[in-house]
Amino acid sequence: AEKGEFEKPKKKSASIFGYPISIFFIVVNEFCERFSYYGMRAVLVLYFKYFLGWDDDFATTIYHTFAALCYLTPILGAIVADSWLGKFKTIIYLSIVYAAGQVILAVSAIHDITDTDRDGTPDNMTFHISLSMVGLLLIALGTGGIKPCVAAFGGDQFQDHQEKQRGTFFSIFYLSINAGSLLSTIITPVLRAQECGIHKQRECYPLAFGVPAALMVVALIVFIVGSGMYTKTAPQGNIMVKFCRCVGFAIKNRFRHRSSAYPKREHWMDWAEEKYDKLLIAQVKMVLKVLFLYIPLPMFWALFDHDQCRHCHGLLTIQPDQMQTINPILILVLVPIMDILESVGFTAFRVHRVSVGSDQSSPETLPKFPSGAEAQVKFINMIEGEAISVNAGGHVYELKPFDVRETHTDTHAQVCARGFEKGGEPQSFSDITAKPEKGANSIRFLNGWTSKLNVTVGESSFGDIVANNMSVYVSVGQGEPQFKIMDASGNECVFTQSLGFGSSYTNVIPPTFAFGENCAASIRPIMDISPNSVHMALQIPQYFLMTAGEVVFSVTGLEFAYSQAPSNMKSVLQAGWLLTVAFGNIIVLIVAEAATLEEQWAEYILFASLLVVVCVIFSVMAYFYTYIDPMKIEAQFAHPDSDELKRKGSFDKNKVHDPHGKQRKDSDSSREGDRAAETKM
């Protein structure tokens, strides 16, 4: 039989305010590592779109694939940590891989490497894509591999009587995650917006990725500095292999003895007793009990990460990059509030709090554009003082002078300027077909004047616009920009326009235009796309609901996974918790592709509805869950008088824990030692 092993007693480490000094190095390490990860991820979709040139759908697919990979690799890290290297060495080695991946990604964003013609655009995109994928693969391996180890390693620093401090540690640990996320989502977009390059200046993705890479190196150094203060638990054999073999043998043995001639056993895992000892079987039962509870959880992460990625695209068209900071700010505020509420008696079942945390809400404010054969057409009457009739798609419209009429026909998207003299033929110009990105405004000028005009705004130029022609669209920021209009003789007119976020205008310079003091009064702005009418602040309540759900869900989940794990399988169960995130991203890829919903609001409704159903299922499962104390169960099997327990492979739940605190038969345990069983509800 393969024998289970016990952890060696922990040595007493130096402490401050009741907390081991070693955890401060772990918290700082986590802060730097999360800054590195979230800083990189904050601009990753932008990098895919604007540097690598991928479209929205492909960028979204790669983003979710990368996110899923980041949360699939924790199982590998858990196996290595619990079975071979131990948590400390696993964190060290995989952090080196992680830092290398960040550096490679930063190098891949340097356009000058292959910009042989010095136009600011890489000439060998295959090289940059390949290097990017190698970097992301190493990052996924590194960040995923250390995920189950860092939190569990922090929990290992506490003595058995420090359950209260351990619970607070997980809250502080989660705060450090979001403090790093907050700063990175503020700083990294600013770094990206800088311009850099040897020959041609462009958005500085190397700097945006380089700073997170530097923070990852700092995280590694900080963690190594605290080496002498850590409580390091030696790996206890290939526990994951033992776990899988034990489960496999139980299933196979049960199948061989499926006949009614064989007596039933209390639990299906008891069919492994012929080969494995009772302690290992009991530990496997504890893990399976929690993993069963994890089954509905991926749906929470499916909705959460679906929202996060859609908001990435939304931020390009609706709001500034820094809108992402609302989430970590709210987390920094809500985590202490949740702890205070719990300390004063708000101790509803912890696992039930996970189901409460699954409620979310998300906005959808992007405009709809014509698609397929249905295209938008604008008819502009350029005839001064006379109305005209337009027949479009069987409908007759009357246009007053300088009026505009939008309709839908089976033509391509275009703008038709109705003659520049009475009875003239329409002229067609390509129209805008997408919402301006990054909150900018797309502006163009229609020159209906008698001669060529040159229009500029700031350092941008619309070029020379010949008579009866349209300029290109130029991206202009929010505010009141001043457009300078000049003719060949040097006459100048300044036209000031008030612009919001995300609008588009065609500014018509009519035939009656004349330079002079009131020249701008005759210019007629025609709105192609309306500015954003919903204030960004109206999204805060939705962010609040999402963040409150995340806080209740994630903090509780981290602590729950640790508290319910056997002594030799803590990293494995942490990896199982993180695995739910991976499956959540896989669900997004599957559902989004299978549903083929054209409207984003319908996508949100679909995911939210699925989560409501899952919430009900999980609440029922949580109601029947009984909390355990793994250390007491393991101690029962180690006790010389526990032969009967070993024979049964079970335990008296009342002696370990009563979820309502009405029975406490284990009188020689301290209150602090029992707090984990009483309050993790």
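Cβ from N, Cα, C; glycine included.
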Can you dig out which of the ranges 167-187, 377-397 TrEMBL describes as transmembrane segment?
-> 167-187
Per TrEMBL, the range holding transmembrane segment, considering 125-146, 323-344 | 125-146
Between the transmembrane segment (35-52) and the transmembrane segment (286-304), are there at least three Cβ pairs closer than 8 Å, leaving out pairs fewer than 6 positions apart?
-> no
If one takes Cβ-Cβ under 8 Å and requires six or more residues beyond its ends, the residues near the transmembrane segment (286-304) are 243, 247, 269, 351, 354, 357-358, 360, 362, 546, 549-550, 553, 557, 560-561, 564-566, 569, 572-573, 576-577, 579-588, 591, 607-608, 610-611, 614-615, 617-618, 621-622, 625, 628, 630, 633
So which of 12-28, 125-146, 167-187, 207-230, 575-592 has the most C-beta pairs under 8 Å when paired with the transmembrane segment (604-625)?
-> 575-592
With pairs restricted to those 6 or more apart in sequence, evaluate whether the transmembrane segment (91-113) and the transmembrane segment (207-230) have 3+ C-beta pairs under 8 Å.
-> yes
Out of 12-28, 58-79, 207-230, 575-592, which stretch touches the transmembrane segment (167-187) the most, going by CB pairs under 8 Å?
-> 12-28
How about the transmembrane segment (58-79) and the transmembrane segment (575-592): at least 3 CB pairs under 8 Å, pairs 6 or more apart in sequence, or not?
-> yes
